[in-house]
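This report refers to the structure that appears directly beneath it.
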Amino acid sequence: LKRLGLHANQNLRMALLALMEKTGYNMVQENGQRKYGGPPPGWKGPAPPRGCEVFVGKIPRDLYEDELVPLFERAGRIYEFRLMMEFSGENRGYAFVMYTNREAAQRAIQMLDNYEIHPGKFIGVCVSLDNCRLFIGSIPKDKRKEEIMEEMTKVTDGVVDVIVYPSSTDKSRNRGFAFVEYESHKGAAMARRKLIPGTFQLWGNSIQVDWAEPEKDVDEEVMQRVRVLYVRNLMLSTGEETLRQEFSRFKPGCVERVKKLTDYAFVHYRSRADAVTALSLMNGAQIDGATVEVTLAKPAGVKEGGTAGGRRYNTNRGHQGGSAGGGGGRNGMLVLHRSDAGMMGGAGRTLPLPSRLGSPFYSGGGEEVSQ
């Protein structure tokens, strides 16, 4: 019972013991969180895949698993319920619920987001993103990807990739930051914990470290209709007419229009098939001496993976770390995701990103989303 932090609350103790006896789930408190399940009784095989976990916010501080678990079980079978706890025994106002499948997680969002759990008390529910990527700032601009990879592998474990964006004016130099991908969320969390104190240096520089903003999934059916390409790593001097010519070389007249913004652009095609063909031909191509990266653009204003735009909360704290696509968060916006020790990733300090980072999102009306 002491491991559950229940030695001082007789009523809660009895309620949680009754819940465990009824469901057969185990419960343990560690590292500032109380974990119910993970795995549930009789579970065989690996943990559920990405997209099965939801974040629950604005939980009344005197509400616990005896009420929360039955409520969230309405949406489907729970794999693991993690309630964040204060030393005093109160909850910290938020929790993470992992279901055994994505459909149950989506049902929980639809059923319980803005649900009145107590009179006048409404909880918020959204997708939780299991982040494996860190933003590393204040990197010397003359360092190449291979050098950064070698250095990060020396000082942290589990590095699988380093993403570096070249300067838009000098492609032999980086932009002073990189994204480091780890093999697991736990590996990224341990690396962040090691690097974040501010005393850690790379090449004699004190570096900045924070969670990168996870790239949000857009519904697969929506992406199957996209006929717009997102092109980045362009030279500032490259014009829209040059892009039109290069991206329609395989079929003159197939490009409907081009919109260039600093060192990235959107190329709109008349048909989906032409966009897919151009994607395969142009990704990695050379334009005006720059090797360009090309992906399908993501429609803005659509529900991403069943959530309202990934559910961003206004924190007025500046930019969050850049996305996997290279785009930073909007001003004052923060995406909630899992972090080490059960805390909300990025809920504290956030790092400003260089303004010249594009976003792969565009609107159906043709106005591209830029920083």
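Even glycines carry a Cβ here, placed using N, Cα and C.
What TrEMBL records for this protein:
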type     : residues : note
DOMAIN   : 52-130   : domain 'RRM'
DOMAIN   : 132-214  : domain 'RRM'
DOMAIN   : 227-299  : domain 'RRM'
REGION   : 306-332  : region 'Disordered'
COMPBIAS : 319-331  : compositional bias 'Gly residues'
I'd like to know the mean pLDDT over the domain 'RRM' (132-214).
85
Under the DSSP assignment, what numbers of helix, strand and coil residues are found in the domain 'RRM' (52-130)?
19 helix, 34 strand, 26 coil
